[in-house]
Amino acid sequence: MLVIGSGAKHLEGEIKEKAPITNVEIKKFPDGEKYVRILEKGDKAIVVQSTYKPQDEFLIEALLLGDALRENGYRKLKIVIPYMAYSRQDRVTKEGEPISIRAVLKMLGLYYDELYVMDIHNPKTLEFFPGRAENILPSKEIAEYFSDKLGEGIILAPDKGALERAKAIAEILGLEYSHFEKKRISPTEVQMTPVNIDVKGKNVLIVDDIISTGGTMIKATEILRKLGAEKVFVAATHGVFAEGAIERLSKAVDELAVTNTIPTPVSKISIVPEILNLL
């Protein structure tokens, strides 16, 4: 049984075409508190709930859905979180701070046996979840979307930390891959250079987990153009776009596409097949 939370309503139509969805009542009390009610009995359920804006509200709703399902006799619960809130707060940078993602994952572990997230910022943080936790990369979906557009192109990561993401897509498509090396040349300027790869005359796909301002991608694109790249495409799992970022990035590249973990005007790649694989 699939339960769709308010944070994943934008995925409901596509999911409903392929799988039955459990009837759930979700509303707000006049004071703003959430009310949830499970309208069907069962033994196992998968909750799909993204936690992007309003993060706290959708997290509380995920907990209430878990509690309601347990109260209604469900014994085995999984939760799929397309976008995991607080995932970038994964370390203490100033004394007195929490490790926010740890707090969130421990709370979810009170109700859910298994957790599946799409491309979490730091996969190592999933160790904070007490049950089974899995990080899912939408490599197949991104590869399929760009396959014909890229031709015999190259996959690049914007930095070494994102190299595994580029590698996964490149291996599906049978293409070369590499990453940009960043070198600070002054207090205000960072130099970016593709490592050990020739982009001249090639189509290039730059891929990352999250795009916010798009500044890194724009700079990388400018460098690739100077090096003679043919077309430059940019993709990411999560489009956490700052104001004006889509417009600026779309002007700089040949195509910008992100998945629909967060609904945006450029959410052209669906992660629903990955959700359905868990049924």
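Heads up, the Cβ atoms here are built off N, Cα and C, so glycines get one too.
Bear in mind that the values here come from a model prediction, so they are computed numbers and not experimental data.
The ATP binding site feature in Swiss-Prot is assigned to D31, G32, E33, R88, Q89. Summarising the annotation, Swiss-Prot assigns Mg(2+) 1 binding site to H121 and lists sequence analysis as the type of evidence. The feature Mg(2+) 2 binding site is assigned by Swiss-Prot to D159. If you look up Swiss-Prot, you'll see K182 marked as active site, on the strength of sequence analysis. The D-ribose 5-phosphate binding site annotation in Swiss-Prot covers R184, D208, S212, T213, G214, G215, T216 and rests on sequence analysis.
The DSSP secondary structure for H121 (Mg(2+) 1 binding site) is coil.
Cα separation, R184 (D-ribose 5-phosphate binding site) to D159 (Mg(2+) 2 binding site), rounded: 13 Å. For T213 (D-ribose 5-phosphate binding site), the count of additional Cβ atoms within 10 Å of its Cβ stands at 15 [all protein chains shown].
Using a 10 Å radius centred on the Cβ of T216 (D-ribose 5-phosphate binding site) and all shown protein chains, the other Cβ atoms total 19. For the recorded positions G32, K182, S212, a Cα to Cα distance of within 10 angstroms from D159 (Mg(2+) 2 binding site) holds for K182.
Between the binding-site residues G32, G214, G215, the minimum number of other C-beta atoms within 10 Å of a residue's C-beta occurs at G32. A separation of roughly 17 Å, to the nearest angstrom, links the Cα atoms of H121 (Mg(2+) 1 binding site) and G214 (D-ribose 5-phosphate binding site). The number of other CB atoms found within 10 A of the CB of R88 (ATP binding site), across every protein chain shown, is 17. In the structure shown, across all protein chains, H121 is the one of the recorded positions H121, K182, R184 with the greatest number of other Cβ atoms within 10 Å.
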